[in-house]
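Down below is the structure, laid out as structure tokens.
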Amino acid sequence: MNIFRLAGDMTHLASVLVLLLKIHTIKSCAGVSLKTQELYALVFVTRYLDIFTDFISLYNTTMKLVFLGSSLSIVWYMRHHKIVRRSYDKDQDTFRHLFLVLPCLLLALVINEKFTFKEVMWTFSIYLEAVAILPQLVLLQRTRNIDNLTGQYIFLLGAYRSFYILNWVYRYFTEPHFVHWITWIAGLIQTLLYADFFYYYFQSWKNNTKLELPA
């Protein structure tokens with residue numbers, strides 16, 4: 001494992017911890033899209049079908065369990081916790097996320113590295129993760145005002161993907177035959193979706209003002 005992969009994993013883990021801190025400590029999910037969280041839960045469920053059959057390392061299995069467990073717990077909190085669910089803005093979070101799921105599934109059935117159930121589901125998870133942030137970004141544009149923890153959560157998610165791109169570049173030049181077009185293209189699309197948010201995030205940090213996205 002290289003430093004970029006480790007930085008990506010730790011940044012991803014930090015993003016989850018920030019969101020759990022907001023939900024568990026403040027007992028609020030205001031500004032958080034349940035649609036995006038449900039998509040992430042589906043991403044990890046379909047990606048880690050091999051969790052109990054293919055052992056790579058203790059680190060790898062631990063990270064899989066953490067991301068799978070945390071994503072499901074966040075969805076549970078937002079749907080069922082008697083206090084947290086009251087802060088969920090259902091009227092604003094109206095992005096039809098099934099319109100993301102179905103095209104990603106069809107694309108995975110057509111474009112994959114091997115036509116097996118696990119491989120198609122893994123490919124589906126890659127495509128879905130690339131666009132899973134869209135309901136969250138739409139929600140933020142509608143509400144405009146973004147609290148610090150939500151802003152940090154989204155920034156860390158974008159940073160995680162950026163580190164993974166650096167990881168791929170590093171491995172391309174240091175490992176023979178390291179070519180994964182599906183992962184690369186999906187990861188690049190995912191990173192580009194954060195570009196607008198990054199711009200306003202750094203402007204807010206530079207000017208020491210509250211983070212707001214244009215409507």
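Glycine is treated like the rest: Cβ placed from N, Cα and C.
Listed features, source Swiss-Prot:
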TRANSMEM  3-21  transmembrane segment
TOPO_DOM  22-35  topological domain 'Cytoplasmic'
TRANSMEM  36-53  transmembrane segment
TOPO_DOM  54-61  topological domain 'Lumenal'
TRANSMEM  62-82  transmembrane segment
TOPO_DOM  83-98  topological domain 'Cytoplasmic'
TRANSMEM  99-112  transmembrane segment
TOPO_DOM  113-119  topological domain 'Lumenal'
TRANSMEM  120-139  transmembrane segment
TOPO_DOM  140-151  topological domain 'Cytoplasmic'
TRANSMEM  152-170  transmembrane segment
TOPO_DOM  171-181  topological domain 'Lumenal'
TRANSMEM  182-202  transmembrane segment
TOPO_DOM  203-215  topological domain 'Cytoplasmic'
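Counting residues 6+ beyond its ends, the transmembrane segment (120-139) has Cβ neighbours under 8 Å at 31-33, 35-36, 39-40, 42-44, 46-47, 49, 89, 92-93, 95, 97, 100-101, 104-105, 107-109, 111-113, 154, 157, 182-183, 186-187, 189-190, 193-194, 196-197 in the same chain. 62-82 is the stretch from 3-21, 62-82, 182-202 with the greatest number of Cβ pairs below 8 Å to the transmembrane segment (36-53). Tallying C-beta pairs under 8 angstroms between the transmembrane segment (182-202) and each of 3-21, 62-82, 99-112, 152-170 places 152-170 first. Sequence-distant contacts of the topological domain 'Lumenal' (54-61) (same chain, six or more residues past either end, CB-CB distance under 8 Å): 1.
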